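Encoded as structure tokens, the structure appears first; notes follow it.
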Amino acid sequence: MASRKLLLLPGDGIGPEAMAEVRKVIAFLNSDLNLGFETEEGLVGGCAYDAHGQAISDADMEKALAADAVLFGAVGGPKWDSVPYEVRPEAGLLRLRKDMQLYANLRPAICYPALAHSSSLKPEVIEGLDILILRELTGGVYFGEPKEIIDLGNGQKRGIDTQVYDTYEIERIADVAFELARTRRNKVTSMEKRNVMKSGVLWNQVVTARHKEKHADVQLEHMLADAGGMQLVRWPKQFDVILTDNLFGDLLSDVAAMLTGSLGMLPSASLGAADSKTGKRKALYEPVHGSAPDIAGKGIANPIAMIASLAMCLRYSFGLVAEADRLEAAIAGVLDDGIRTADIWSEGNTKVGTTEMGDAILAKFKALSA
């Protein structure tokens with residue numbers, strides 16, 4: 001059996017509660033489906049700072065590099081607001097992304113049928129929505145140099161950020177986009193601002209060339225990023241995979257997430273380069289929601305995003321597509337049954353806590369796996 005090593009990093013706030021529900025699913029995958037997952041655990045974020053004075057220890061970083069995939073909960077909270085900037089809880093996630101060389105961020109936007117009414121858009125606009133935004137994660141304006149504020153000496157200051165992309169950075173993220181599209185509806189929409197940005201001109205040129213060279217079987221269209229934002233709200237179901245840079249991906253993925261009306265229920269994945277020998281990519285999976293310290297420890301957190309992150313892990317790190325499909329179907333089925341945590345509850349549904357929601361999803365998953 002192939003190695004299936006998972007590192008669990010529950011983190012802070014509601015992270016440990018949500019991760020506890022994922023552990024139940026992994027236990028079933030091993031006991032009943034004999035999939036042989038090996039799990040280790042570590043500390044990240046504020047709890048790691050409390051234990052080690054770092055947002056993630058070197059030892060846990062080594063575990064992450066040795067694992068086939070990392071499942072990450074959430075980090076941060078007011079308890080650590082005054083810690084030094086370089087060891088703030090969020091620095092743990094940034095180090096994971098940097099040391100694991102995770103350059104491709106996958107943000108799905110899925111509308112569960114039972115929650116179509118929760119969107120601010122008309123149900124017919126978002127019913128059946130299933131799009132994937134692929135954001136380049138390690139380049140662009142967030143990392144480009146120079147990045148500084150200059151005192152001009154005349155009472156004025158100048159803020160400088162630099163948008164930089166090299167050909168190889170665009171090629172590798174484009175390859176991921178086309179590969180993902182082949183497993184979906186075979187369409188990529190590349191978004192940039194080539195009309196006003198030289199980096200956008202290069203992005204367009206490189207994606208076009210890469211498509212012609214290696215991925216001509218996939219449909220490709222180009223769209224200016226501002227027009228893309230408008231089209232996401234106008235008719236989002238026209239899209240399959242949206243490929244874009246770090247800045248526009250940051251903006252567009254949050255727009256797409258809110259189309260569903262359930263930002264706190266969505267998973268994400270960050271992938272690195274494929275190993276030349278095994279073809280495996282380093283990968284980290286995490287819910288889009290934060291640590292929600294205001295409800296931590298109360299047993300009311302919604303574990304769906306964390307469980308959906310495990311489904312993404314099964315799909316993209318281990319090729320267990322059927323199992324991922326069933327787990328996602330189990331989530332949808334529980335919502336169809338009217339079971340809700342407090343954050344998505346409405347009159348006429350059944351309000352449950354974290355554990356009850358996790359148990360309901362697991363029961364549905366078991367039934368679908370029988």
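Backbone N, Cα and C define each Cβ position, glycine as well.
According to Swiss-Prot, the residue from ARG88, ARG135, ARG210 that belongs to the substrate site alongside ARG97, ARG107, ASP226 is ARG135. Counting in whole angstrom, ARG97 (substrate binding site) lies 17 from TYR85 (NAD(+) binding site) by their C-alpha atoms.
Cα proximity to ARG107 (substrate binding site) (within 10 Å) is found for the following recorded positions from PRO89, TYR142, ASP254, ALA292: ASP254. Among the recorded positions PRO89, LYS193, ASP250, the ones whose Cα is located within 10 Å of the Cα of ARG135 (substrate binding site) are ASP250. Residues ASP226, ASP250, ASP254 make up the record's Mg(2+) site, and a Cβ search at 8 Å around their centroid adds ALA225, GLY229, LEU247, PHE248, GLY249, LEU251, LEU252, SER253, VAL255 from the same chain.
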